[in-house]
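Read through the structure below, which is laid out as structure tokens, and then see the notes.
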Amino acid sequence: MGGLSLLQLPRDKFRKSSFFVWVIILFQKAFSMPLGVVTNSTLEVTEIDQLVCKDHLASTDQLKSVGLNLEGSGVSTDIPSATKRWGFRSGVPPKVVSYEAGEWAENCYNLEIKKPDGSECLPPPPDGVRGFPRCRYVHKAQGTGPCPGDYAFHKDGAFFLYDRLASTVIYRGVNFAEGVIAFLILAKPKETFLQSPPIREAVNYTENTSSYYATSYLEYEIENFGAQHSTTLFKIDNNTFVRLDRPHTPQFLFQLNDTIHLHQQLSNTTGRLIWTLDANINADIGEWAFWENKKNLSEQLRGEELSFEALSLNETEDDDAASSRITKGRISDRATRKYSDLVPKNSPGMVPLHIPEGETTLPSQNSTEGRRVGVNTQETITETAATIIGTNGNHMQISTIGIRPSSSQIPSSSPTTAPSPEAQTPTTHTSGPSVMATEEPTTPPGSSPGPTTEAPTLTTPENITTAVKTVLPQESTSNGLITSTVTGILGSLGLRKRSRRQTNTKATGKCNPNLHYWTAQEQHNAAGIAWIPYFGPGAEGIYTEGLMHNQNALVCGLRQLANETTQALQLFLRATTELRTYTILNRKAIDFLLRRWGGTCRILGPDCCIEPHDWTKNITDKINQIIHDFIDNPLPNQDNDDNWWTGWRQWIPAGIGITGIIIAIIALLCVCKLLC
């Protein structure tokens, strides 16, 4: 009783203390502890770089699960490299996690592997598991392998992303992408009486009529899948293959496929024809495409740069078994052909162009055998391409090729249109400047120019180009599909329309700032990346590491954007300064010449009263501000020697809460004392 008597308070003081306790409790409810997450759509780039904490997690409804692709971190996406990241294990049950949104995938995979005895290596997909919905290229591989295990897992512990479902195992015959699962904290929406609640889509639902995209399929055959030494063959048609022995890009395979069809280097028997790539051939064209070829637009695989050479002919003992016969060959690289030999030496002053009456249909990228191109769009997109197919006297003949992607997939067994006799001449794919140069008058040295004649007008559609290319739906629509950096992430998770952005063509393999998101229609905006749940077959840290790679890619993209903006502003400042200087000099010169008539203003009147103001200091200050706030600021310290009291401000709400709890306990003891 002696101890309790010390806690007794007068009735008026008790009321004041109780009121103070309730105020503290309500204050703690209203101001929760921050979780260290980037905040709303109005954040600045410096806030992202410094990871400023401004938002609070009030409820679990603010969390949104997002699938992040590993290719955004710069991993190799070709089939030989990707298969080395997958392995079979037994005794580990698969895990499936649902997520709500995800990135656009540049490369997806589809596997159908059998054991030597003919049984399936991979399990069938469970009910509700559908293919990844946004794939630019689908690498469809068939083959055999030992498959030493029940399931195929990711060796690094990553997920295999399907349609709104992420699994730790590969399922048979379903498109998937490699990735991890992260969570975004969304800004809490403000609810009003006049605003209806948002309509949420089902978790496993991806239909979005506003998104148009093209998916291309590349087919492979793999021998000894899952083993240390395996063989991968790229399928041109049912009997023609290319052995892949180095990292490559899908763009290289597409160019190679068209070149083999163009040179008619297909198997002309029922046996197999396997081509091997020479070591000098560059297989990295179009790296980091992400819906656009941004590495080097002039770096293409042209037909005249390759030569085909037969190596050996291996036949079985039974000559009648033609189907088992294998012919081998090599695709070599040779010097680039000069286009000057296309112009005749004894040509007149003008080389006219005309379109021949008979069109020659060449195997285009959408009509070749061995792959299918499916376009999921409600529109029909047509493009006419022009290609020089040979010379005829003093005229260059151009054959128009119509490319019309349709919503249905072109079967791989479709026959190739037989070329006309004109197509037997050496075929050359030329770039725009090379072809247009032939329209100018050309006179051989040492010869007198002949009489000038008018060239016939070349009437072609406006969209005629000089190279056959795949027409993507997003190239013909005003609303693009590419979103990048933080603005793209925040906008793509909301209801705003996305716009396409041209990115740097010199992006290295370690930095890929192009993150493209597909998502259900939500009214929320993404606030930032918070944390990743720990799932997987047991590789520690893979998910956190994967998220940090993607976050670093965002920071890398922002820094790269700031560098480019600063350089552009500096060039613009230099140009405007020089232009202002030249303008003032010219004005003085004109005034000097017109001084006998009273000068320029006496002649022009009030129209000459224009002063080229000097804004150099303003632009320089803005450039220095960008450099100071964004480029020169170092990244947060990644060392592990952080002081335990570094974030002491974050302990203030916790201290207030603990103090409130202690006071509440004391108040309850006082109440009990009074009642007793």
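Keep in mind that glycine also has a Cβ here, set from the backbone N, Cα and C atoms.
For 405-428, 449-461, the entry in Swiss-Prot reads compositional bias 'Low complexity'. Annotation source Swiss-Prot lists N-linked glycosylation site at Asn40, Asn204, Asn208, Asn238, Asn257, Asn268, Asn296, Asn314, Asn366, Asn463, Asn563, Asn618. Here Swiss-Prot flags Cys670, Cys672 as S-palmitoyl cysteine. If you look up Swiss-Prot, you'll see 305-485 marked as region 'Mucin-like region', on the strength of similarity to another entry. The feature region 'Fusion peptide' is assigned by Swiss-Prot to 524-539. Per Swiss-Prot, the feature signal peptide maps to 1-32. The feature site 'Involved in receptor recognition and/or post-binding events' is assigned by Swiss-Prot to Leu57, Leu63, Phe88, Lys95, Ile170. Per Swiss-Prot, topological domain 'Extracellular' is recorded for 33-650. The annotation transmembrane segment is assigned in Swiss-Prot to 651-671 on the grounds of sequence analysis.
Locations of recorded Swiss-Prot features on the structure.
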residue: Phe88; record: site 'Involved in receptor recognition and/or post-binding events'; DSSP (3 states): strand
residue: Lys95; record: site 'Involved in receptor recognition and/or post-binding events'; DSSP (3 states): coil
residue: Ile170; record: site 'Involved in receptor recognition and/or post-binding events'; DSSP (3 states): coil
residue: Asn238; record: N-linked glycosylation site; DSSP (3 states): coil
residue: Asn257; record: N-linked glycosylation site; DSSP (3 states): helix
residue: Asn268; record: N-linked glycosylation site; DSSP (3 states): coil
residue: Asn618; record: N-linked glycosylation site; DSSP (3 states): helix
residue: Cys670; record: S-palmitoyl cysteine; DSSP (3 states): helix
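For the pair Lys95 (site 'Involved in receptor recognition and/or post-binding events') and Cys670 (S-palmitoyl cysteine), the Cα-Cα distance reads 53 Å. Comparing CA positions across the recorded positions Ile170, Asn257, Cys670, Cys672, the one lying closest to Asn268 (N-linked glycosylation site) turns out to be Asn257. Of all the recorded positions listed here (Phe88, Ile170, Asn238, Asn257, Asn618), Ile170 has the Cα closest to the Cα of Cys670 (S-palmitoyl cysteine).
Remark: Ile170 (site 'Involved in receptor recognition and/or post-binding events') has Trp86, Leu111, Leu122, Tyr151, Ala152, Phe160, Phe176 as non-local neighbours, by Cβ distance under 8 Å and separation of at least 6 in sequence. Looking at Asn238 (N-linked glycosylation site) and Asn257 (N-linked glycosylation site), their Cα atoms lie 13 Å from each other. Of the recorded residues, Phe88 (site 'Involved in receptor recognition and/or post-binding events') and Asn257 (N-linked glycosylation site) place their C-alpha atoms 32 Å from one another. Between the CA atoms of Asn257 (N-linked glycosylation site) and Asn618 (N-linked glycosylation site) there is a gap of 54 Å, rounded to the nearest whole number. If you take the Cα of Cys672 (S-palmitoyl cysteine) and the Cα of Asn618 (N-linked glycosylation site), they are about 70 angstrom apart, rounded to a whole number. Taking the Cβ of Lys95 (site 'Involved in receptor recognition and/or post-binding events') as centre and 10 Å as the limit, one finds 13 other Cβ atoms among all the protein chains shown.
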